[in-house]
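According to TrEMBL, the features are:
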- B:E44, B:I370, B:H420: Mg(2+) binding site (BINDING)
- B:C63, B:C66, B:C414: Ni(2+) binding site (BINDING)
- B:C66, B:C417: Fe cation binding site (BINDING)
Amino acid sequence: MSERRHPRLAVWKFASCDGCQLSLLDCEDELLTLASVIEIANFPEASRAVAPGPYDLSLVEGSITTEHDAERIRMVRAQSRHLVTIGACATAGGIQTLKNFADVNAFIAAVYASPQYIATLSTSTPISAHVPVDYELQGCPVNKVQLIEVISAFLAGRKPSIAAHSVCVECKQHGTVCVMVQGMPCLGPVTHAGCGAICPSFRRGCYGCYGPMETPNTTALAREWQALGAAPRDISRAFRTFYAAAEPFRKESVVHADITHDDITNGDQDDPG
Amino acid sequence: MATRTILVDYLARVEGEGALDIEVHDGRVTSARLRIFEPPRFFEAFLRGRGYAETPDLVARICGICPIAYQMSAVHAIENAFGVTVSGQLRALRRLIYCGEWIESHALHIVMLHAPDFLGFPDGIRMASEQGDAVRNGLALKKTGNALMRLMGGREIHPVNVKTGGFYRVPSRAELEPIGESLERARALAVGLVRWVSSFPFPDYERDYEFVALRHPDEYPFNEGRLVSNRGIDIDIADYETEFEERQVAHSTALHALTRRRGAYLVGPLARYALNFDRLPASVQALARGAGLPPVCKNPFQSIIVRALEIVYACEEALKLIAAYEPPECAAVTVMPRAGTGFGCTEAPRGLLWHRYEFAPDGTIERARIVPPTSQNQPSIEADLAAVASMILDQPDDVIRARCEQAIRNYDPCISCSAHFLKLSVRRT
């Protein structure tokens, strides 16, 4: 009588803040149960015990910003039956894509006194720009309930049940009064659901940290923002934040951009010390 | 001359990517280097040109484990530049959300990341097979910290409610009260945690650190205070750069911070505790004595006890703040941007986090400088590694490797903050 093999999970990190993989450790009630039905084979943030691949499911956090990481993600893909990206960095390049809009050498010089020691690509790119991806879970950070759903779905061999509508639907579901009708600019109408519409429940507009929903009408929303008195610069910055390189947001940010590369990178360099 | 090489592909149970090189010549450690090769993310560069109001949301993304620390240092620096003071219940609520972060971050580090080193397990999950109660209690503690973060901030990671001048929305008394019961239970669990971790086998190792922390006239420090050290530093946070400097080193994408006059220094729980023992409530002081911990502890491995004590403190402080809470009339004070430079410095769970921003008249950031705790501790980590490895050079590679990793984890380093995986190679010639 042979015991059924547990599916093997790996968690990988690229350029990121660690927040999305931390979401797994934040499943305080589910973590030990999860560990009893899957083998956590490779999860360096949580364990010294790293078992070699192949893995049934790889969760990938972070974006590709170095040549070394571009190599490493191909190695991860080759060892993984399913590869799921978790979070804004892995699915869209993350906040570090702000350098894609600037001169990377000026950026390096602004932070480091000896730029020659720093190896970085001029862009931050999503995992899907480098290898095929089986599923992308949005969010900065991802929602841990959705994360458990995605893991369960892949291990059960079904499709994850993650809604693709906008944040607006979540506000309606929660009975949160629309903040835009109260005069606050909000990215909710064009932003992918999943966070639970937190910001409007805290009386502020959504800042788009779940990225563009499917087929967002960013032009119409920008027009509403203007009607509420938002300057083009504000509109551009709003779209150019956590999902700055996601195509619908990137395009809309460019339309309103009155900020130039110089604005971002000028000024004296910090004292090298 | 014998040459011996030890390699570790990466250091686990830390946040971020790095490597460790130890060189041994004639049976002596001649260099120990913590190489951080976390890809740089250029926060200080892309903050330029952004508005002050966006800053708390942007800097939260530097670190998923201590976003509140980044948000708090940022809002204090912005308010400092614009001449705004946040006081009363809004100030109390800032301490409250910081309590949540200390509880969740310390509980995660102690139980899931650091305790396994002392008890010989690869991780907290496997440790649960023999230490089920300890792990479950640790997770329950962490859950309470996160519940407080969620209540105050909307979510555990990258909270949305912190704003320059205060908050977007403040809780009602009725919203805060239910968490009081969880915090009472958490306090009891944290007392148990202090007893559990103080029973661990500690390496017989001490070093004479220069401790640096905030010191406040009457509080154990979170958000405010003067920068002080046990070697005579006592300065306003605005004068950080007169006493401290950051140097870039070829082997790391994290800058190294040093005191200009004496070099390596230590920030974090051991420093806070040594410099502020008298600011702890008598109950926590008594717990420390009961755990056999002197008011100044120089054994970095015992930082795990101090973290547990700080969870007890954070639970007590949170309970006190909730009991005294009266909702303020406004969720935030009015902020009028102006040109100027502002400084913010707060106590992240892993130590001092210093920010400086220069603003244009419309409140746009012209320059930003952020000095995270792990940059500050990096020279101290390297000095510990050299000393800790020296003591056990006759031991097999696995033993040296495990002890060095444990010594690094004493610092709860957030490598993502400072610039993740650690490679250890010991070269012996």
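Just so you know, glycine gets a Cβ as well, placed from its N, Cα and C.
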* To do: Identify, among the binding-site residues B:C63, B:C66, B:I370, B:C414, the residue whose Cβ has the fewest other Cβ atoms within 10 Å in this structure.
  => B:I370
* To do: Check each of the binding-site residues B:E44, B:C63, B:C66, B:I370 and report back the ones whose Cβ is under 8 Å from some Cβ of chain A.
  => B:E44, B:C63
* Asked: If you draw a 10 Å sphere around the Cβ of B:E44 (Mg(2+) binding site), how many other Cβ atoms fall inside it, taking every protein chain shown into account?
  -> 21
* Structure fact -> If you measure between the CA atoms of B:C63 (Ni(2+) binding site) and B:I370 (Mg(2+) binding site) and round to the nearest Å, you get 12
* Could you state the whole-number distance in Å separating the C-alpha atoms of B:C66 (Ni(2+) binding site) and B:E44 (Mg(2+) binding site)? => 18
* **Nearest-integer angstrom distance between the alpha carbons (Cα) of B:I370 (Mg(2+) binding site) and B:C414 (Ni(2+) binding site)** => 14
* To do: Could you say whether, by DSSP, B:C66 (Ni(2+) binding site) belongs to a helix, a strand or a coil region?
  => coil
* Would you kindly give the Cα-Cα distance separating B:C414 (Ni(2+) binding site) and B:E44 (Mg(2+) binding site), rounded to the nearest Å? => 17
